[in-house]
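Feature annotation from TrEMBL assigns domain 'Amino acid permease/ SLC12A' to 1-434. According to TrEMBL, the region 'Disordered' annotation covers 450-481. Taken from TrEMBL, the feature transmembrane segment covers 29-50, 71-97, 109-131, 143-166, 186-206, 227-249, 269-291, 322-341, 347-371, 392-410, 416-435.
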Amino acid sequence: MIAVGSAIGTGLFLGTGARLEIAGPSVALMYLVCGIIGYFILRFLGELIVYRPTTGSFVSYAREFYGEKAAYVSGWMYWFNWAMTAVADGTAIAIYIKWFGQYSEFIAGLPQGLIALIVVVTVVGLNLLSVKVFGELEFWFSLIKILALSGFLVIGVIFVIVGTPIDEPSGLSLLTESGGLFPNGVMPALIVIQGVVFAYAGIELVGTASGEAKNARTEIPKAVNLVMMRIIVFYFGSVLLLCLLMPYTEYSAGESPFVTFFERIGVDAAAPIMQLIVITAAFSSLNAGLYSTGRILHALSVEGSAPKFTARVSAKGVPTGGILFTAVVALFGVGLNYVVPEQTFEIVLNLAALGTMASWLAITLAHLRFVKLARTTSEYNRPEYRAPGYPGLNYLTLAFLAGVIVLMAFDYPVGSWTLIVSLLFVPLLVVGWVVNRRRIMAAVDARQARKAASSQATPPEGDNPEGAPPERTPPEAAPGG
C-alpha cells in the first residue's frame, strides 16, 4: 500500500487543475498514455530486478551496463527529481493552506513563502527523528490518500449515473457540449503532458521496494502488474470522472480539482474536508521525497559521487546528511514562493518532470543493453519474467521521452525557461565528476577487491537464495566510463 500511496501525490491532486484548464478532457487521455508508458518502464525495471535483485535503485543497473559516469549522472538526476518534487510538494501545501484564508484573516495574511518554510522545517524535523516515524507516517498518509481516491471514484460514478445534487448535466454530454475531447486543439494536450509525467513520478519505487523482498522473482510480477494497474485506475479513472462531472472550464490552476468539484456541488463541509485530505497527500509525498533523497545521497556518497557528509546516518538509521543537504536546496523553493508565488508550483513541476524522465531514460537504456547482451553473449541470461516487445517498446519509450522534452520548449514561458535553467545542471555535474573522480575510482577499486575476495570464498548456504548474479563491470567500458 505504501508503494501505491507514495506514487500518488500533488501531480494528481493539484497539477491536474491547471492541465484541465489548458487542455480540457484530453488530459484524461494523456493520463492513460503516460500510464501505459509507466507500465513499460516498470516492466523493464522488473526484468532487471528479477535478473539481479538489488536493495538500491536502478542506478546500480546504469553502473553495470554503462559504467561509473552513467551511474553518477543517473544518481544525481534521480536526486534532482526527488528534490524538486519535495519543493513542489511544499509549495502545494502552502497553496492548500492559503485556501483556508477564506475562513481566517490570519491565514489569508500569511505570505505563501512563510507557509512553505514552516512546512519544510516541520517535515525535515519529522524525518530526522527516526526511520520508524517515517514508516508510521507514510503508512497512514498512504491509507488516507487511497481511501479518499476510492471514495471519490465511487461518489463520482454515482453522480455520473444519477446526476449531481445541483441538477447540472453530467456524463458524456459534457464532452460534446464543451468542445469535445480537444476543445483547445491538439497542441495544448501535448504540451501539458510533462505535468502528467510528473504525476507518475515515483512509480519506480514499486519495483525497487519489491526488489528488497525475500523472493523478488515472485514479488515483482505481482507488484508490477497489480499495483501499476491500480495506479492507472486511480489516475485515469479520477481525471476521467472530473471531466464527466463538470465542464473543464470550471477547473483552474492553483486549486485542487477535487476541491473545486465539492465546492461547486454545494456540499458545504465536503470542500474543506477534501482540502485537508489533499494536504495530507502532499505531506505524504514530501515526507517520502525527503527520505528518498537522503537514501539516494547516502548511496552516492558511499560510491564517492556525493559529498562525504551526505553519507552520515544517525544512530536511529536516518540518513541525516542527505536529508539536510536536500533541505538546504528546498530553501530555493521557499525563495521562489516569495518571489513568484503564482508560478512556483509549475516551475518546479517542470524541473521535477525532467528528473523523472531522466530516471525513466536510465531504466529503459539499461534494459535495452541488458537484453542485447543476453542475446549476443553467454555471460547474461534473461529471467523467465521478461518485458515484452524488445526492442520496439524500448525505442517507443525513448521516442516518447524525447518528444515530451521537445514539447516543453513550446510551453512558453514556464516550460521554455525550465529547459534553459536545467542546462545549468550540466556544468554542475561535470564539475562534480572532476572533483569526486578520485573518490569514485577508489570506491570502484574497493568494490572490485571485495568481489575478488568473495569469489575465492564459498558462500554459506542461504546467503544467496535467489541465485542472483553479482553486479558486473560494464562490457566494453572501463570503470571510469
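A Cβ is built for glycine as well, from the same backbone N, Cα and C atoms used for every other residue.
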Recorded stretch, among 109-131, 186-206, 269-291, 392-410, 416-435, maximising Cβ pairs under 8 Å relative to the transmembrane segment (347-371): 186-206
Stretch contact, the transmembrane segment (416-435) with the transmembrane segment (71-97), Cβ-Cβ under 8 Å, 3+ pairs: yes
Contact set, same chain, for the transmembrane segment (143-166): CB under 8 Å, 6 or more residues outside the stretch: 1, 4-5, 8, 233-234, 237-238, 241-242, 244-245, 258, 264-267, 274, 277, 280-281, 284
Dominant neighbour of the transmembrane segment (392-410) in 109-131, 186-206, 227-249, by Cβ pairs under 8 Å: 186-206
Leading contact stretch, 29-50, 227-249, 322-341 vs the transmembrane segment (71-97) - CB distance under 8 Å: 322-341
Stretch among 29-50, 109-131, 186-206, 269-291, 322-341 sharing the most Cβ pairs under 8 Å with the transmembrane segment (227-249): 29-50
When counting Cβ pairs under 8 Å to the transmembrane segment (109-131), the leader among 29-50, 269-291, 322-341: 322-341
